[in-house]
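Here is the structure we will look at, set down as structure tokens.
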Amino acid sequence: MGRGIPGLEHLHVWISIPFCFAYTLALLGNCTLLFIIWADAALHEPMYLFLAMLAAIDLVLSSTTLPKMLAIFWFRDCEINFYACLVQMFFLHSFSIMESAVLLAMAFDRYVAICKPLHYTTILTRPLIIKIGMVTVTRAVTLTTPLPFLLRRFHYCRGPVIGHCYCEHMAVVRLACGDTRFNNIYGIAVAMFIVVLDLLFVIPSYIFILRAVLQLASQEARYKAFGTCVSHIGAILSTYTPVVISSVMHRVARRAAPHVHILLAIFYLLFPPMVNPLIYGVKTKQIHDHVLSLFQRKKV
């Protein structure tokens, strides 16, 4: 059973309004991106295929938690089966890991496009993109699969109520009796491994990109080359900034009310799926033009 947002139960209906609006934007935006990329053969390039992966992941990530969360806010439907809780947790954490991997792949795509433009089509081939997708899924599933099995072995003597809106790993661990040190260490280790490892590759790729852009002869060429990276940088910031803020708040403001941390956790889940389609829709010319053409057809 989930409590929703402890301490703010009387405001659940009002809190649900911005969440419902953000979820609707996430659904419309990501479905529109997927449709445009699928419908336009000119967009079947590595950059847009990675963007399609990101949109699909964002759809699953937001749909894993938001419908049940809104049911809690609107209908007080707090019940959730233990195994359904584990399934929700598995999808939540595995697709979060996949999102980080796809952002890393998109950084590699921009590195090849700007630093090795003559070899772009020979390096980023369709088979390589498929392999990257398979590695992305395999890594996420491998790292997340132990979590449900680790949680099944516990006896839960601290009540059936999770002090959260959804089944997050540590929220479930807090209800368990017995030695939970391994779960704590494993959860932190996976999070640190993913964030540190992926950023360890993303940051150097942008250092090489910046160096290559600054070596271009004309200012117009520099602006155009770096302009192709703006959307991806925006997606990275929208994904990692809430993670950093949440982790800092957990350490700096340990005595803060529980609802502060829960609202930050929801923001982390909902903000990237809502913002990423807007970033790419505005900053990517091909997608921007395609959306405008769809609206113009409707008017005609």
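Using the three backbone atoms N, Cα and C, a Cβ is placed for every residue, glycine included.
Keep in mind it's a predicted model, so treat the numbers as computed, not measured.
According to TrEMBL, the transmembrane segment annotation covers 12-36 (among others).
Under the heading domain 'G-protein coupled receptors family 1 profile', TrEMBL lists 29-280.
Here TrEMBL flags 48-74 (among others) as transmembrane segment.
Look at TrEMBL and you will find 80-108 (among others) tagged as transmembrane segment. The list of residues near the transmembrane segment (80-108) in space but at least 6 beyond its ends in sequence, with Cβ under 8 angstroms from a Cβ of it, reads 1-2, 47, 50-51, 53-54, 57-58, 60-61, 64-65, 68, 132, 135-137, 139-141, 143-145, 147-148, 151-152, 162, 166-169, 172, 190, 194-195, 198, 201-202, 205-206, 232, 235-236, 239, 269, 272.
Residues annotated as transmembrane segment in TrEMBL: 128-151 (among others). Listed by sequence, the residues of this chain that lie at least six past the ends of the transmembrane segment (128-151) yet keep a Cβ under 8 A from its Cβ atoms are 46, 49-50, 53, 86-87, 89-90, 93-95, 97-98, 101-102, 105, 169, 172-173, 176, 182-183, 186-187, 190, 193-194.
Per TrEMBL, transmembrane segment is recorded for 185-209 (among others).
Positions annotated as transmembrane segment by TrEMBL: 221-240 (among others).
If you look up TrEMBL, you'll see 260-280 (among others) marked as transmembrane segment. Within its own chain, the transmembrane segment (260-280) has Cβ neighbours under 8 Å at 5-6, 19, 22-23, 25-26, 28-30, 32-33, 51, 54-55, 58-59, 61-62, 65-66, 69, 92, 99, 163-165, 168, 231, 234-235, 238-239, 242-243, 245-246, 249-250, 253, 287, counting only residues six or more beyond its boundaries.
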